[in-house]
Amino acid sequence: MTTKTPARQHTGCRTKSKARYQTHQQSRTNFKTPVVEFNPQLKTVKVFSDGSCLKNPGGPGGYGIVLQYRGEERELSEGFHSTTNNRMEMMGALIALERLKYPCNVILHSDSQYLKNGMTLWMKGWKRNGWITSEKKPVKNVDLWKRLDSAASRHNVRWKWVKGHAGHRENEMCDRLAKIAAYSAADMPHKRDIGFLSQNYK
């Protein structure tokens with residue numbers, strides 16, 4: 001894990017009001033996604049995350065994170081010996097949210113539609129149905145979805161999709177961090193993604 005600047009700038013948010021939700025029609029889908037209102041009393045942190053898996057599924061993978069607050073920037077990354085691309089996308093967002101010591105307004109950027117849609121469109125139905133999909137199948141990566149649900153509930157989170165490999169500065173930084181972490185984990189079989197190993201990815 002790499003760190004550029006101290007984490008103290010991310011720990012000053014001390015109060016949280018319940019986010020109010022509105023809905024708007026997505027231009028390319030029939031689904032409605034929540035629009036989260038920020039609490040002006042909270043600090044606003046920008047999060048960028050990305051995941052990588054060298055041989056998906058089951059190969060070495062990693063996540064990369066860039067945290068920004070008031071002009072300061074912090075990088076985080078970690079790799080696992082056996083995992084999937086989707087799990088690393090999720091893990092990046094999860095670790096970023098869990099690292100924020102106090103509730104904050106968070107703008108979280110990811111190039112994963114799977115992550116964004118899961119958190120903004122599918123989560124409520126999954127929970128209502130006991131973590132069963134509309135196709136009557138168990139939700140994959142449920143261990144991480146549950147942790148993400150818990151971590152996000154502490155903050156006011158706006159999920160933003162960004163196009164990957166399109167020259168977006170922070171997304172490219174995260175992609176680089178994730179790939180470096182994945183290559184490093186290739187020679188570390190003890191770095192196991194237990195959630196991946198416990199699921200069937202045939």
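Every residue, even glycine, has its Cβ placed from backbone N, Cα and C.
Sequence annotations record features per position, and here TrEMBL assigns compositional bias 'Polar residues' to 1-10.
The region 'Disordered' annotation in TrEMBL covers 1-27.
Among the features that TrEMBL reports, compositional bias 'Basic residues' is placed at 11-21.
If you look up TrEMBL, you'll see 41-183 marked as domain 'RNase H type-1'. Averaged across the domain 'RNase H type-1' (41-183), the predicted model reaches a pLDDT of 98.
Residues annotated as Mg(2+) 1 binding site in TrEMBL: ASP50, GLU89, ASP111. Less than 8 angstroms from the CB of ASP50 (Mg(2+) 1 binding site) sit TYR63, GLY64, GLU89, GLY92, SER110, ASP111, SER112, GLY164, ASN171, CYS174, ASP175, LEU177, ALA178, each of them six or more residues away in the same chain.
Residues or ranges marked as Mg(2+) 2 binding site in TrEMBL: ASP50, ASP175.
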Point to revise | Candidate with the highest Cβ count within 10 Å, taken from the binding-site residues GLU89, ASP111, ASP175 | key: GLU89
Check your understanding: Excluding ASP50, GLU89, ASP111 themselves, which residues in that chain have a Cβ inside 8 Å of the centre of the Cβ atoms defining the Mg(2+) 1 site?
Key -> SER49, GLY51, MET88, GLY92, SER110, SER112, LEU115, GLY164, ASN171, CYS174, ASP175, ALA178
